[in-house]
């Protein structure tokens, strides 16, 4: 694992990594979070009714919202004089401005659907580019595309143009989180990767908590769409400084460039090591691992198929994709349910976001101590049980419904955060961009299904949370299959990814056996030697104890 030892020499979480984490990643996720929640807010529809002469607008009375009469949750018919909206609870949105209600309500669902279809296709397209063209180039392109398409949304004259603009926005922005996360993760040592995750989560949570009040203050959906331009401008400005992934360069055989980047990292971190030092270190370790005979270079398509070609990689890939789709469905389904709670929309969304802060603290305090797998499983199980219970509460118990919805939000948020980091650590560097983008694509599929699950409330109010609860239990059960990654070096090649966790015990947790086996092999770097001496579950990895750190260095 020559790159990992070279990264240790350069500094695993010095000033350079802190700048990447707390400036670059923080801003990138702020841009993503604002764009995600704005998509929900600009298409919300408040209580409304047909315009009927000078009759005053009275929210909450019975009648037809799609025919003459007062407000109602149901109804159909035509409104020749248009609609009146209750803006006491929500600001004017794109849906209200264009009267996408009643017989035109389908237009809102079309926009949402194409947004998530754009996210799916964007993950697939740009995910391949991240592993082919590099992390940095892809990141710059997706930021530029999303900014331009966001501007197109503001100026869209009709529904078709509006839908196309939202499609392109999602097509670009969907890859921002994975690309920025990969760049930072691939420059960070094992003991500090949880900090990266918590920075990701803190940025997402903070923006989600602030956005409802920004929307309330602006009270205009076009001005609201301008808010993401601020973090986007910062990202485009700092892009010249953000490095390409040295780990990715190594997988492409660009050792000289990788050595230069590691030299820059070491220099900023206050270490006086030349680029020639890193070049010699990387070359010697590569020869030690591969032997003097050069490896046969596989094509881009062949490495992509490696995700499903090898049995252990195939198992992990399928489990990660299915579980992530379910987790995203649960999180987004719960978020959509927030607008249906018997409380003020702004308060409900803001409280739900603020309650995710304890989730970040939980991740900081538990993930490095207890691992990724079991905290993830426990959160998903608790969320599943709470979801089922909340689906059985009487609909008249408004406060109990709100409290349970917030508790479920916390557990689903924890599952989302932990699984996202978990996945980034399980996919090898060689295919990490494609793997994470494929994962995000499946997450977008789950998001597409979330409105359908929430719509089950039209049949029975108990159904949505019951379904989400059961799905959460399924996702937790799938995660148990995966190997633990805490304290382990990231796998770089498909070979290392295939061996990683291949023989880990099904219920392995803080295994002392795993620690002892790692002690015996921590000083060995060659893949062949490691494979011969230790179970593949610990191949190329180490638990960060003082003894093992000394052996590693």
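Backbone N, Cα and C define each Cβ position, glycine as well.
TrEMBL annotations: computationally assigned, not manually curated.
Per TrEMBL, these features apply:
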type	residues	note
TRANSMEM	19-38	transmembrane segment
DOMAIN	23-487	domain 'Major facilitator superfamily (MFS) profile'
TRANSMEM	106-126	transmembrane segment
TRANSMEM	138-157	transmembrane segment
TRANSMEM	163-183	transmembrane segment
TRANSMEM	195-215	transmembrane segment
TRANSMEM	221-242	transmembrane segment
TRANSMEM	317-334	transmembrane segment
TRANSMEM	377-396	transmembrane segment
TRANSMEM	402-420	transmembrane segment
TRANSMEM	441-457	transmembrane segment
TRANSMEM	463-482	transmembrane segment
>> So if I exclude everything within five residues of the ends of the transmembrane segment (441-457), which remaining residues of that chain have a CB under 8 angstroms from its CBs? That is, six or more out.
In response: 109, 112-113, 116-117, 119-120, 123-124, 127, 174, 321-322, 324-330, 332-333, 336-337, 340, 463-464, 467-468
> Which one, 19-38, 221-242, 377-396, 402-420, has the most C-beta pairs under 8 Å toward the transmembrane segment (163-183)?
Replying inline: 19-38
> Can you tell me the mean pLDDT for the domain 'Major facilitator superfamily (MFS) profile' (23-487)?
Replying inline: 83
>> If I count Cβ-Cβ pairs under 8 A between the transmembrane segment (221-242) and each of 19-38, 317-334, 463-482, which range comes out on top?
In response: 19-38
